[in-house]
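K.L.:
Starting off with a structure, shown below.
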Amino acid sequence: MEINGNGHVSSPSLCLNKDPLNWGAAAEALTGSHLDEVKRMVEEYRCSTVRLEGADLKISQVAAVAAVASTVSVELSEAAKDGVKASSEWVRESMAKGTDSYGVTTGFGATSHRRTKQGGALQNELIRFLNAGIFGSGKESGNTLPASTTRAAMLVRINTLLQGYSGIRFEILEAITALLNANVTPCLPLRGTITASGDLVPLSYIAGMLTGRPNSKAVGPDGTTIDASEAFKLAGIPNGFFELQPKEGLALVNGTAVGSGLASTVLFDANILAVLSEIISAVFCEVMQGKPEFTDHLTHKLKHHPGQIEAAAIMEHILEGSSYMQMAKKLHELDPLQKPKQDRYALRTSPQWLGPQIEVIRSSTKSIEREINSVNDNPLIDVSRNKAIHGGNFQGTPIGVSMDNTRLAIAAIGKLMFAQISELVNDFYNNGLPSNLSGGRDPSLDYGFKGAEIAMAAYCSELQYLANPVTNHVQSAEQHNQDVNSLGLISSRKTAEAVEILKLMTSTFLVALCQAIDLRHLEENFKQAVKNTVSQVSKRVLTTGISGDLHPSRFCEKELVKVIDREYVFTYIDDPCSYAYPLMQKLRQVLVEHALSNGEKEKDANTSIFQKIAAFEEELKAALPKEVEAARVSVENGSAAIANRIKECRSYPLYRFVREELGARFLTGEKVVSPGEEFDKVFVGI
């Protein structure tokens, strides 16, 4: 083993490496639990410092630094300094010797047949002609790359250049780091890169800032727009603007950092949303009174796919011991032959649906992590062999392909979410919840989540559109030199849009699930109030006859209570004594059936059940509405007779997060607050 001139371990042959093609390392990266991996990402995101060494940058660290209000500081490894210096000196020395190198003594791309000895001037011209982006005017022009994406790109480009194969001074990397740490962000154009010879156009604006180009602008820590001089002053960069030496301009712009930087932040969110979708599916099972059998480990073991197995295991863990599942089991045992044997696909096949999407997102994450730790410019400076190697690592195909695949996975997750909320708001499918999850007293003046479902349809449609690939829209560029190109940043931008839409859907669905949880709580208390009232009225009216003797109708009480168990509360609770609703119809039916079997006793006023029906119904009308209202008020006041079952479930932390930490409230038509206000709280929170 020996250390080469770039400061890295060198090997005379790839074949001496046990994993020369890197397949083993790639496979090893995908072992273990995705959930554990996401937990690690979140821990890394929360770290206060990111130390760059060139080889071990994580997407979570990129996401942390990218945050516009980030307080994360970036440090450069001093150990990398010698390698960076060696490649920079090699370029200067080779030019002094008259060595002909691409981008050092030649023109660029299709015009590389041109030659010059003015190395510094050539780099300045490179930056000038690449400053071809359009920003427009006004804050709403929408043609500026988000500051978070620019910060991600700056971090990733530093990491690449630290590896010492690019021929750039360490001081320039320190200057970019100073801008990051001072929260000074150069303005880059949103569009104009095909991520083929890297992200040439947007990265040229970072180079323009470093060289003090008069058109360079940045956003300062307070959000104001500043020029390059003010940016350098705020960042505390000494010695003024840089005079680019040979190769340095090319080193700055000829890389995939913008596409891979944005892809990193996108995938950080996508991984978390993927885990959240697994948890949400389990909560969906709880509020829908589903059958947890769909998570049985044998089913998924026999299918073999790791994403599916893990998704099912997460759902099984959440549902194990769930109070909702215990209650649902009892309900399924009532008249089992009259109920569906299985739940619909949106619940029953959710592990099979989500598993492959998680595998795709995980694979894309590893691909992008390899990219942000790669050397991706051209030419590469190999000091150990005293040569510049001309290749094409700037081609951002891993970004374009990974982002296209991720976007398709995100769209599939969103589609499942839409299918689930469509069941949840539909009283034909939701096992007794009110239509539109209306929580108010009068369903004629409360349409609950109707607007939310319409919005979800819009989100889902746009998400499905975005699922279409970007990478099959390649145009030959740069005089047919860049005749195939990755479109990496374009695909990353579209995936960022898709993630944003999935966040909208997730926020809406989380509030809907919490609404359903609280409606189940209300349902239980209503049912208990109805049972108690019917039982008490039965005892008063049906137990004895006119003469005080025991009456045959006393045997009806048990059957009357069974009616309440079988009837969905929200089908009648807004007017429980209405004959248009099923409760009174079914209660009367019980009494009529007993009367019909009462035989000769019906002829006697003292023993006639028919003659008891009117008295029973009148007393019920007098008592039941009051008891139902009292039950509602007690739930609203937090003094309900029956506690909310969610507190006995493993999904409770998610409910508590939405209700208590974020403050999203139970929605009713009686309140002024709109659903969107509550969705917004969750959207900002996640």
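Just so you know, the numbers here start at 1 and follow the chain as drawn.
Backbone N, Cα and C define each Cβ position, glycine as well.
Look at Swiss-Prot and you will find TYR102 tagged as active site, proton donor/acceptor. Residues or ranges marked as (E)-cinnamate binding site in Swiss-Prot (evidence: similarity to another entry): ASN254, GLN342, ARG348, ASN378, LYS450, GLU478, ASN481. Taken from Swiss-Prot, the feature 2,3-didehydroalanine (Ser) applies to SER197, supported by similarity to another entry.
Give me the local environment of each listed feature.
P.N.:
There are 16 other Cβ atoms within 10 Å of the Cβ belonging to TYR102 (active site, proton donor/acceptor).
The C-beta environment of ARG348 ((E)-cinnamate binding site), restricted to residues of the same chain at least 6 apart in sequence and closer than 8 Å, consists of GLY290, PHE294, GLN342.
SER197 (2,3-didehydroalanine (Ser)) falls outside any helix or strand according to DSSP and counts as coil.
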K.L.:
May I ask which residues of the same chain, at least 6 positions away in sequence, place their Cβ under 8 angstroms from the Cβ of GLU478 ((E)-cinnamate binding site)?
P.N.:
GLY109, ALA110, SER197
K.L.:
Write down the Cα-Cα distance for ASN378 ((E)-cinnamate binding site) and TYR102 (active site, proton donor/acceptor), rounded and given in Å.
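P.N.:
It is 8 Å, counting Cα to Cα.
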K.L.:
Counting across all protein chains present, how many other Cβ atoms fall within 10 Å of the Cβ of ASN254 ((E)-cinnamate binding site)?
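P.N.:
If we count other Cβ atoms within 10 Å of ASN254 ((E)-cinnamate binding site), we arrive at 23.
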K.L.:
Restricting to the chain of LYS450 ((E)-cinnamate binding site) and a gap of 6 or more, list residues whose Cβ falls under 8 Å of its Cβ, or answer none.
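P.N.:
Non-local contacts for LYS450 ((E)-cinnamate binding site): VAL425, ASN436.
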K.L.:
Counting other Cβ atoms within 10 Å, pick out the least crowded of the recorded positions SER197, GLN342, ASN378.
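P.N.:
Least crowded of the recorded positions SER197, GLN342, ASN378, by Cβ count within 10 Å, is GLN342.
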K.L.:
Provide the number of Cβ atoms within 10 Å of the Cβ of ASN481 ((E)-cinnamate binding site), excluding the reference atom itself.
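P.N.:
There are 14 such Cβ atoms around ASN481 ((E)-cinnamate binding site).
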K.L.:
Over all pairs in ASN254, GLN342, ARG348, ASN378, LYS450, GLU478, ASN481, the listed (E)-cinnamate binding residues, work out the largest Cα-Cα distance in Å.
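P.N.:
Pairwise Cα check on ASN254, GLN342, ARG348, ASN378, LYS450, GLU478, ASN481 gives a maximum of 58 Å.
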